[in-house]
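Here is what TrEMBL records for this protein:
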| type | residues | note |
| --- | --- | --- |
| DOMAIN | B:3-191 | domain 'CheB-type methylesterase' |
| ACT_SITE | B:S15 | active site |
| ACT_SITE | B:H42 | active site |
| ACT_SITE | B:D133 | active site |
| DOMAIN | B:204-446 | domain 'CheR-type methyltransferase' |
| COILED | B:634-728 | coiled coil |
Amino acid sequence: MERNADQNLPLAGARILVAEDEILIALDMENAFRDAGADIVGPCMTLEAALDAARSEPLSLAVLDIRLGDGTTEDVSDMLAERGIPFLFYSGQALPDVMERKCNGAVVVNKPATQQDLVGAVASMLAA
Amino acid sequence: MDQQSDPPIVGIGASAGGVQALQTFFASIPSDTDAAFVVIVHLDPDARSELASILASRTQMPVIQVDDEARLEGNHVYVIAPNRRLKIADGTIAALPFEEPRAHRAPIDLFFRSLAEQQGSGFAIVLTGAGADGAIGVKAIKEAGGIVLVQDPSEAEYASMPRSAIATEVADFVLPIRELTDQLTELLASPANPVSPLIRTNDEDTLGRILAHVRVRTGHDFSQYKRATILRRISRRAQVTRKESLPEYYAYLRDNVEEAQALFSDFLISVTTFFRDPAAFKSLAENVIPQLFNGDAAGDSIRVWVPGCATGEETYTIGILLLEEAARRDLAPEIQVFGSDLDVGALAIAREGRYPATIESDLSEERLRRFFQREGEHYRVRRELRDVVLFASHSLLRDPPFSHLDMISCRNLLIYLDRQLQQQVCSTFHYALNPGGVLFLGSSESADHPAGLFRTVDREARIYRSVAGTGERRPALPVLLGPNQAAERAPVLARPQSLASSVSDAALHRQMLEKIAPPSMLIDESHRAIHLSENAGRFLRPSGGPVSTDATDLVREEFRFDLRAALHRAFERNEATLSMPILAELDGQPHRVYLQVKPVLQGSDPTRHALVLFIEGEAVDKSEEATSETLDGRPATNQTIRQLQEELQLAQNRLRVTREESEAANEELRAANEELQSMNEEYRSTAEELETSKEELQSINEELQTVNNELKLKLESVSRAHSDLQNLMAATDVATLFLNPSLRIKRFTPRLMEIFNVTMNDEGRPITDFTHQLEYEGLAEDADSVLEHLTPIEREVKSRRDGWYLVRMRPYRTIDDKIDGVVVTFVDITERRHAEVVAKESAQRLDQETRLVELSRSPIFVWDFDDGIKQWNRGSEELYGYSREEALGKQKENLLKTTVPGSSFEKLRRTLVETGRWSGELHHTTKDGQVLTVESQIELVPLGDRRLVLESTRDISDRKRWERRRQLLLNELSHRVKNTLAVVQSLARQTLRTTHSSEDFVERFEGRLDALASAHKLLVDSEWSGAELGALALSQLAAYAGTDKRRLQIEGDPVMLPPDIATPFGLVLHELATNAAKYGAFAAANGQVSLSWKVGNNDRRLAVTWEERDGPPVEPPAEQGFGGVLIENGLPGATVHRDFRPDGVVCTIEIKLPESPHDGAQR
């Protein structure tokens, strides 16, 4: 069924970076955010792609999986923090201590999450 | 005293050894003697006495311990109680506490004295005992007329008491106990008192004869002693000699020479003690003695006489009082106390000055200490006291008294004399004393008669002061009795009793004689007139002045000269004399009187009496007298001349006689003088000899003192050395044996008896005689060797009781370095050896364990807390790779690069010090750099001044690894599940987007889920390492192909797809397949799908081709479904191209594979 575009688009105008190496999840997220009115950068399925995007793309927010490929998205989050771009983690695992300390209270949405939760988290982060 | 109702009392005294003796005594004495037996022994004042019960088993008589009072009954035995003395009074016996603390040393004396005071004829028995208790008491018994029996000292277990009693010379019988009991039984059986028969007047005669006999034999006349005393003494002797009547005894006395002496000794018995009647002496000391030191005596000497001093106690008592008073003042006048007595034996004792220890009850401790020297069981008078006292043999009644005395103490002597004698003795005392001198008498005596001689000072104490006689002139010496008794008695004896019938004739005869016979005067041997005839008075004219009975003083002056000469001749030469006529004025007329003096001869006895007869001659013619008166007138005729010549003749005769007599007297005097001079010379030389011997004795005494002191010091030093030796031996507690050169036992310590079978009596016997506990046969040989070579020998020797001894033998050297034998010590080293054995065993054990540790494969090592590694076992070598040589000495934390996770090595060290142990995980680095995680158990062991650390480790690196891996797996799993759920979630959502109905949704969704599951299965099977492409394709496509192999063709080399590619690849294949099944080659029966791939570019580039043929005609889709999206975008990093050819879709996928296969866990 096709979703009808709503008048209520919480993420309207946002440019969101999605870093996720599982294609199906990434596509799903992409749809969810698009439906909510956002533009998607990515999905970046490798660390290099994510870093590139984090470095040079204009972004409103980034949604990162904690693990990306072989490593973690620590450098990505560092980059984003440098740029002052808010980000949250959407992952099936807990933040490793190192990243926890750096990010210091970063939002982690646990997989699997409903579209509502995910979009809601992004929206509230954008609003903050 | 009623002899009938009161039983005779037998007092028995015993001390050491007495229980045995008393048992024998009571076993043999009959139970029907009717006597009361009182047993006095020395008892411990604090302990109970079983004596009564012991004796009760030996006799049928009841045996009672006297605790309070008891009536004395015959055939009963009374025993003294502890800490009590016994006293007899009126037939009862009472137990009283001791008054003097020392007096309890002489209970026997106390009892005997009490017995003597109460009853006349008691019996005193002295049995075995140490000391001299009873010696004084038996004398009191004897004095009171009792009988003394003493156990034979050679039979007595302790001979001292019997001997002391015998030494007093009052023992009547000295016998062994059994004979003693026989004797006593006989004595008790015989009549109590043969005194009663003496009341008969017949025996008066016998008594006289007895006394006369005694006088003859001993020279002492007792006829004026108190009758009762004399009778008592005689009857006692009679009892002892078992004579029933007085004449019988007299016969015995005459026939036995010794009996007279015995009787004489009995007469003399007097008991004297120190301070007898202490109250009286107290009065003397307070009232009299001080005055002696004042007045005339001060500066001069104080002279005291004690007549009848017996054994001298009273004399010494007076001496003590005088010395004490002298010490109180600073004066030291010369003190002289004379003690005199008849009894030579007693005087010897007095001179000796040695008294039994029982005198302690009479003297205070201070006096004993000051005036006496203790010599064993006796006290000897010290020199200070002995020097002031002099003893002499002297008869109060016969010899002239001492004179110029300040005091006379004569106690309990007068009571033995009859009244007349007492008075005369008092007069003698009065003569002997200085004016104002003191007379001290005994408690039942008095100095009242003759009256006027003494004034009472203290009647209670019997102290009298001599009243000064008549002014300054010394009173004449009163008449003393000569060797014969007073003449009063003599006429009585000399005159025989006349029969009643002849009285009148004799009286008439006497009367006539008196009338007619010349007046006469009876004179005694001291020229005293003792009897005058009726008419003798006219010839007497006593001169003025004190009245005298001297014959020559009584007669008229005219007769005196002739009388004196005549008496002299009569008494000295037994010649009768008739004097020349003496002119005497009688009845106004001169008469010629002839004096006839005739000695009264009695056989060969010296003349005792003389008779003076006054033979009255004719009256002298007055004319003659008148003529004789006028001498100067002429009428002197021849008759006158003749008368004158006659008178001259007479005068010349008289003168001649007188001259002869005078010459004779002179001769006599000269002889006497010479005698005296020679005696004096003798005495002087004797005195000088004595003085010399005294000095010699003194110096010998001093020498002896010095030697004695030296010996004493030596003895002390030896004693001390001995004590030290004993203590040393005891302190070392080592069995020691001293052998002499011939290996005989000299001495040994008691501990030796544990090893050798010796007793204390075996000193002197060879050591080889004795068995011992040691397995040591060579004892004697070793000893000989030591003696020969003078080198010590030491051996460890086993004892038969599984002990061990260290035997050390060395030569015995005396102080002057002579060899005098061998000293052997036996030191018990059993414990030491056991300890050694134990130590050895434990050392062996330790060794074993060390070796075990060494060989063990567990890493165990020891390092010094403050230093390096000390021990390093094989396990350590194996685990850490360092050899022992490499490890030893290094600091462990440096060698192994120890780190403590979560802590520090410093903290570990601190914990070790505080608690002594630590356990936990450490990181140790091996020699080749491998970091191991080990579980370590560490213990700190102080060893002396070092601290050693024991560490054992266990490599848990693998475990750690597994744990990490497990954790990772869990994380991974969690991640994957979440991821997979998210994937499913997105599949569901996406499928929902692109399906139009529920059934459609379900079909598509299930299909995709299935594909996912298949892909996952392959991944799981490979442990998530990856899925092989061919297998993946098959799993996804096999269902569509069915059984017809032609429909599906799979071609390609095996390629491993990593999991993150395999999953989406599976899904992609599934989409391709479902699309083919719906619209493409799988929809037609002839349709075919061909899947082929190639890997190029070093396994990096994978090119996959999907080709469909012979299917329904293809039309490109109108819209992009999710499947299409999935196909084109689902593979990360892949290039996907779908070509919708009309005869079949062709899809090409180009994907880059990662470089190396990963270990799943490392992701």
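Placement of Cβ uses the backbone N, Cα and C atoms for every residue, glycine included.
B:H42 (active site) is 9 Å away from B:D133 (active site) when you measure Cα to Cα. Mapped onto three states, the DSSP output places B:S15 (active site) in coil. The separation of B:H42 (active site) from B:S15 (active site), Cα to Cα, is 5 Å. In the shown protein chains, 25 other C-beta atoms lie within 10 A of the C-beta of B:S15 (active site). Per-residue pLDDT, averaged over the domain 'CheR-type methyltransferase' (B:204-446), rounds to 85.
Neighbour count (other Cβ atoms within 10 Å of the Cβ, all protein chains): 22 for B:H42 (active site). Taking the Cβ of B:D133 (active site) as centre and 10 Å as the limit, one finds 32 other Cβ atoms among all the protein chains shown.
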